[in-house]
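If you look up TrEMBL, you'll see 38-282 marked as domain 'G-protein coupled receptors family 1 profile'. Positions annotated as transmembrane segment by TrEMBL: 20-46, 58-79, 99-127, 139-157, 195-214, 226-243, 263-285.
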Amino acid sequence: ETNLTTEAPALHRDTSGETVGVLMIVVRPAICALGLVTNSLSLLVFLQPSMRNLSCSVYLAVKAVSDFAFLLSSLVLWLTSVQVRAFHTEGVCQLVLFATYLAAFISIWLVVALTIENLLCVVRPWFVQRSCNARTARILTSVIVVLGIGLYHFALWNNGLRTHTRLTGPTACQPLEEFTHLAVALTYVDSLMTLLLPLIVLTVSNAAIIVLALRASRRQRRRDMLIRFLFSVSMTLLLFHLPSHLLRLKYLLLSASALDVLLFRWFETLYISHYAIGFFVYIAFGSNFRKVF
């Protein structure tokens with residue numbers, strides 16, 4: 001949001017201000033509240049005895065936790081728009097930023113792991129049966145979490161409260177002045193790790209899955225259902241993340257127009273919605289999930 005300070009023309013502000021206000025004040029907390037409930041339900045299902053020993057259940061259970069943390073952090077950030085400055089207090093500032101970075105990283109890379117496993121289901125089904133189990137999933141999930149902590153622990157020490165006269169209060173949570181250049185550099189690192197690399201892997205993998213699935217002869221019905229389930233999880237992430245990520249990439253390379261700022265609000269709302277709708281995707285495409293629920 002620090003990068004989106006382009007002043008819009010007066011006419012644009014008049015026509016879009018009400019829409020942005022509704023998105024920020026009404027829609028955003030409703031999405032977060034819904035997501036806190038749905039992710040809790042998803043976690044309960046994936047922890048059931050009949051589900052917990054499946055590799056995809058391990059990934060999606062941890063994703064439910066990270067999505068919950070992301071939405072909770074977003075809710076704290078939203079409080080600022082209704083003049084509750086909890087985010088702009090020492091300690092909360094750093095924890096919320098760290099949780100947001102880490103949760104977004106974990107969620108998208110867990111889906112990458114699921115997508116690669118899904119691709120292996122199509123290409124090497126014998127390998128999946130032998131190697132893609134709950135134990136392997138727990139190890140890979142632990143690696144993703146540790147990598148995320150290593151990449152984003154900077155949020156705990158390079159942010160703090162600084163005077164910001166444009167806000168109603170005297171201080172705001174921002175990168176500390178001595179770490180300004182580091183914050184800019186880490187923005188590009190974050191864009192690489194949660195934008196370019198995972199989206200490239202997801203796009204290529206899903207395209208390969210579609211091509212290979214169309215060419216393959218009919219296999220076991222159970223395996224086909226698993227492939228469709230994992231494919232739906234991956235494609236949902238792509239559809240909800242891609243618009244905001246592409247616009248964010250434009251911000252990094254070019255300047256933002258007034259229209260871009262408005263589009264970003266819409267795309268950002270779509271992006272946040274992804275963290276709340278996993279439960280409905282699992283219900284719609286996961287027969288085992290639906291049965292256990």
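Yeah, the Cβs are placed from backbone N, Cα and C, and that goes for glycine too.
Keep in mind that TrEMBL annotations are predicted by a computer and have not been checked by a curator.
Quick caveat, the model's predicted, so the values are computed rather than measured.
Counting only same-chain residues 6+ beyond the ends of the transmembrane segment (226-243), those with a CB under 8 A from a CB of the stretch are 56, 60, 108, 111, 114-115, 117-118, 121-122, 199, 202-203, 205-206, 209, 213, 267, 270-271, 273-274, 277-278, 281-282, 284-287, 289.
Per-residue pLDDT, averaged along the domain 'G-protein coupled receptors family 1 profile' (38-282), amounts to 84 for this model.
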